[in-house]
Each structure stands twice: as C-alpha cells, then as structure tokens.
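The structure under discussion appears below in the form of structure tokens.
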Amino acid sequence: MALDEVKITRAIVESYLESFLKCTDVDVALVGAGPANLVAAKRLAEADVRVVLFEKRLSVGGGLWGGGMMFPRIVVQKEACRILDEYDIWYREFEEGYYVADSIEVVAKLTAGAIDAGAELINLVSVEDVMIREGDRIVGLVINWTAADMAGIHVDPLAIRARVVIDGTGHDAAVCRVVQKKIPGAIVGESGVIGEKPMWAALGEKIVVDATREVYPGLIVAGMAATTVAAGPRMGPIFGGMLLSGEKAASIALEKLAQSVD
C-alpha cells in the first residue's frame, strides 16, 4: 500500500477534533496532569464520569519524572502502597515505613491507568481563566495553546463547560490564583492562596490530604496545589500524600456531582 501524506494529516486532525469536541462539555475538568490528578482522573472515569485532564506541558506526570534530584526514584509510605498495587507498580521496602518505586514506571502506569479507564488527556493546552455564572460559581475553563502563551502572541482563547473543576497545578495553584485575582471578593480556601512553606515532609504529607477539598464553589484543589492554598510545607520526593490526595479529590467531586443532580 502506498502511503498518502494527506491522509495521515486528515487522520490526525479529524480524530483529534472528534475527541476534543467531546471535551467541550464534561462533568469534571482537571487542570495539571501530576500524580494527584492522574489518580483522580482514573477514579472519576471508572465511575462513568465524563473527564478531561489538561496539561500545559508536552509531557504529563508533573514532578514525578525526575524523582529526587534527578535520581528516578520516589518514596511512598505504607498507607499509599495499596494505590501502587492497584496499578501493578513494583516497589520495595527500604526501611520500615519507607517504600521505594521507580518514578518513570509510576508516571507511565498512572497515565495508562487514567487513559484505560476512559479519561481524556490533552497536553500542550493551558488554562488561562475560568468560566462563571450566577453567584460567580465556576462552571468551566478558558483554554489556549501553551505555544501561543510562550510566543507572547495575542490569540483569543476558547471555553469548555465543566460541572466541577479540580486544580492540580502543583506549586502554582494556577486556577486558584486566577479565581482569587479576577473575582472580586473571592476567598479561595479559608484565607486565600497563601503559598507553601519550607520543607517538612511528615507535616506536608498530612496537610496535602487534609487540604484536599472544595475551596470555592465548583473548584476542588488537589496535590501540591492544595498545600499551596493551605500554606502547608512542601514534602519533597515522597509521593504517598499526592496519590491519596487524588483519590480524595475524586471522591469529593463525585459527591458534588451527586448533589447537583439532586
């Protein structure tokens, strides 16, 4: 068979647009494809929720790839090992309570898990604003190509509708900061987006899970973004809290969706 370059082009464009159009009206839109949101996306998709996950970079995985200081290993505490088991991720006990996993395997399998469950992942797309309705409730996202932002060119964005948004943008807490900046009087969380504190692994791992919650009508925060909003300390290359945070964020989102139906 002779290959036709134009057919290759059409196959890519038509199939992508078909998928993209399905993502313009979803139940849950997740921003930032780090470990917390990858776990959340899988949980939500398994519950037959329409899910799209936007990542501004070329690659997904957030800070997982580099492990600790470019050593591709991460540490997970015992209570989160069950999530690694769910994805068939290999790990070993280093010392009591400290389990080590290959960071690249973790990224690959978390990503595959979300996709296999039915979540749609879209990379190279940035979220620059939110969409609101009565009472300034968040009802969607305003998106644009990351390349347009990097090039500094003015291109009007597009919008997608979502019943719930999850900010998993890491240290930036980007969606939360947009809400705080652009909605008069908006208070994200208890005191607004304060920013993270210096490292304290034990406390940071607790706070990242405790701080995973709805912080503004229609907006849930997960992972390091939750820590940033709650002014918790960073925790470094231990990722159990991130995985548990994603699990909790999905559970909260499902509760919110059920309430909106009622």
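The backbone N, Cα and C atoms fix where each Cβ goes, and this holds for glycine too.
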Same NAD(+) site as E55, K56, G63, V127, H154, V155, D156, M224 according to Swiss-Prot: which of A36, A40, A80, A108?
A36
Structural state of K56 (NAD(+) binding site), classified by DSSP into three states:
coil
Per-residue Cβ crowding (10 Å cut-off), top of binding-site residues D156, M224:
M224
If you count other C-beta atoms within 10 angstroms, which of the binding-site residues A36, V127, V155 is the most crowded?
A36
Out of the binding-site residues D156, H171, R234, give me the one sitting nearest to A36 (NAD(+) binding site) by CA distance.
H171
For H171 (Fe cation binding site), the one of K56, V127, V155, M224, R234 that lies nearest, given that the binding-site residues are compared by Cα:
M224
